[in-house]
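**Q** Annotation comment: TrEMBL describes 37-391 as domain 'Orn/DAP/Arg decarboxylase 2 C-terminal'. For 52-300, the entry in TrEMBL reads domain 'Orn/DAP/Arg decarboxylase 2 N-terminal'. Sequence annotations record features per position, and here TrEMBL assigns N6-(pyridoxal phosphate)lysine to Lys69. Here TrEMBL flags Gly251, Glu293, Pro294, Gly295, Arg296, Tyr393 as pyridoxal 5'-phosphate binding site. What TrEMBL lists as substrate binding site is Arg296, Arg333, Tyr337, Glu365, Tyr393.
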Amino acid sequence: MKKGREKMFLGTSKNGHLYWDGCDMVKLAEKYGTPLYVYSENLILKECQALKEQFLDKYPHTRVAYASKAFNTIAMLQLINQENLSLDVVSGGELYTAIAADFPAEKIEFNGNNKSVAELEMAIDYGVGRIIVDSLQEVDLIQSICRKLHKKAQIMFRITPEVNVKTHAFISTGQKDSKFGIPLVPEILYPQIEKVFASEELEFYGFHFHVGSQLSDNSAHIAACKVALNLMLEVKKRYDYQIKELNYGGGFGVCYTKKDVRKPYHYFLDPVMALTKEFCQKNNLVVPEIVIEPGRSIVAEAGITLHTIGAIKELPGLRKYVSIDGGMTDNIRPGLYEAEYTGIVANKVDEKLSQKVTISGKACESTDLLVKDLSLPEVVAGDIFATFTTGAYGYSMASNYNKLPLPAVVFVKDGHEQVVVKRQTYAQMIQNEVKR
Ligand SMILES: Cc1ncc(COP(=O)(O)O)c(C=O)c1O
């Protein structure tokens, strides 16, 4: 593989083939078929290690809760548990998978802007460690479920910190006009907190924010951190109550193409940790436990997707479309928020780049274009195309559109592979359909 790409995308090459964590991607595609999601276990572990070095071991009284919406499968959650991290889930399905993975209940936090009664019952019954309240109906609901099940719950409030975020508008969440979080309006927020104080079943832990995703600038985290710290002080003043925990969310950006600059975790975390310590010292507050919720940054770069090239269509003087056997069904991000990707031909890694093409998916949508204007060597049907950095929000957003089955997922490590999700069959795809 050419130097620059190798540095950025962490693969290696042998005999013209792309290797990912020691495994030949061409052989893997032959063996398991395509589309195929492939994750390097070592790269996931490397991220966990970076979080330990730059956050958990550096600062006492901290936790990392992996935002499993980025990639939630039993095997992934087992890996997260093995690494001793906590877990963030946002639905009954994510929680169900966590339970199936034997994820310890007390290390799970339940987020989500519209949790259903059934989901809350499931979470409270399992005994999740935190419920992060995101709507005004939730406190009453949680309380009544706790009473019914004779359980207690630890409550955080997700706030809308009203900060502007430098990312695509579709993945920005911390701005004032957002469906996420409780607005920073005293008449709205404090009565909710008072309800928690008044309840025997509920314990108030603190505040949570998540400003947005795919960030390469720390200013939104810093601004939101100031908001959360001031709220902590206000709670102390109003109720003489020292909150136990602040959750600063996730959002740490990764490299999709050479245009992206990936900042290390400490770039985001050192300033907010310094700010937290300084603020608490100045105001005579106990430093609370600080939790972060990275999703994308743990799995995105570890994952690639393999597709087989099929139809090739040249529009003279205009564009050459190279079609693959998947696309928006296994990676909706380009269509959903103009996300950019890059990739290579996995069986022609050393060949000269001789043409510009557009990689198009097979779904019946004009927006199903995976990569535009990509330099590739000459390609023919049957070549294997590898898209980099597909580990986050690829599998988890995959669909059966056009009745394409969901791809398999393979973990690779030091030259060994393991299928962790089998390819969906046509029969499985229609198993819940009923003939009339
Ligand atoms: C509440 C919450 N926490 C964490 C995350 C993870 O964000 P990222 O994958 O960008 O780290 C999200 C993503 O949307 C979120 O909504």
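Heads up, the Cβ atoms here are built off N, Cα and C, so glycines get one too.
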**Q** What binding-site residues among Arg333, Glu365, Tyr393 have a C-beta sitting less than 6 Å from any atom of ligand 1?
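**A** Checked binding-site residues vs ligand 1; nothing flagged, none.
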**Q** Considering Cα atoms only, can you say which of Lys69, Arg333, Tyr337, Glu365 is the nearest neighbour of Gly251 (pyridoxal 5'-phosphate binding site) among these recorded positions?
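**A** Given the candidates Lys69, Arg333, Tyr337, Glu365, the nearest one is Lys69.
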**Q** Taking the mean position of the Cβ atoms of Gly251, Glu293, Pro294, Gly295, Arg296, Tyr393 as the pyridoxal 5'-phosphate site, which residues outside that list, in the same chain, have a Cβ no more than 8 Å away, listed in sequence order?
**A** Ala67, Lys69, Ala70, Ser213, Gly250, Phe252, Ser297, Ile298, Ala392
**Q** Can you figure out which of Lys69, Arg333, Tyr337, Glu365 (the recorded positions) comes closest in space to Glu293 (pyridoxal 5'-phosphate binding site), comparing Cα atoms?
**A** Lys69
**Q** Can you grab the distance from Arg296 (pyridoxal 5'-phosphate binding site) over to Tyr337 (substrate binding site)? Cα atoms, rounded to a whole Å.
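**A** Per the Cα atoms, Arg296 (pyridoxal 5'-phosphate binding site) and Tyr337 (substrate binding site) stand 15 Å apart.
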**Q** Please report how many Å separate the Cα atom of Tyr393 (pyridoxal 5'-phosphate binding site) from that of the residue listed as 'N6-(pyridoxal phosphate)lysine', as a whole number.
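**A** A Cα-Cα distance of 7 Å.
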**Q** What whole-number Å value do you get for the CA-CA distance of Tyr337 (substrate binding site) and the residue listed as 'N6-(pyridoxal phosphate)lysine'?
**A** 17
**Q** Sorry to bug you, but what's the C-alpha spacing from Gly295 (pyridoxal 5'-phosphate binding site) to Lys69 (N6-(pyridoxal phosphate)lysine), rounded to the closest Å?
**A** 7
**Q** Quick one: Cα separation, Gly295 (pyridoxal 5'-phosphate binding site) versus Glu365 (substrate binding site), in Å?
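**A** Checking the Cα atoms of Gly295 (pyridoxal 5'-phosphate binding site) and Glu365 (substrate binding site) gives a distance of 28 Å.
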**Q** Tally every other Cβ atom lying within 10 Å of the Cβ atom of Glu365 (substrate binding site).
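**A** Around the Cβ of Glu365 (substrate binding site), 14 other Cβ atoms lie within 10 Å.
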**Q** Same chain only, sequence gap of 6 or more: which residues have a CB within under 8 Å of the CB of Pro294 (pyridoxal 5'-phosphate binding site)?
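**A** Pro294 (pyridoxal 5'-phosphate binding site) has long-range Cβ partners Leu51, Val64, Tyr66, Ala67, Gly250, Gly251, Phe252, Tyr265.
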**Q** Please state how far apart, in Å and to a whole number, the two most distant Cα atoms are among Gly251, Glu293, Pro294, Gly295, Arg296, Tyr393, the recorded pyridoxal 5'-phosphate-binding residues.
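**A** Site span for pyridoxal 5'-phosphate, by Cα atoms: 15 Å.
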**Q** What is the number of other Cβ atoms found within 10 Å of the Cβ of Arg296 (pyridoxal 5'-phosphate binding site)?
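**A** 24, counting other Cβ atoms within 10 Å of Arg296 (pyridoxal 5'-phosphate binding site).
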**Q** For a quick check of packing: other C-beta atoms within 10 Å of the C-beta of Gly295 (pyridoxal 5'-phosphate binding site), how many?
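**A** The answer is 25.
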**Q** For Arg333 (substrate binding site), what residues in its own chain, 6 or more apart in sequence, show a Cβ-Cβ distance under 8 Å?
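**A** Sequence-distant Cβ neighbours: Ala339, Tyr341, Tyr393, Gly394, Met397.
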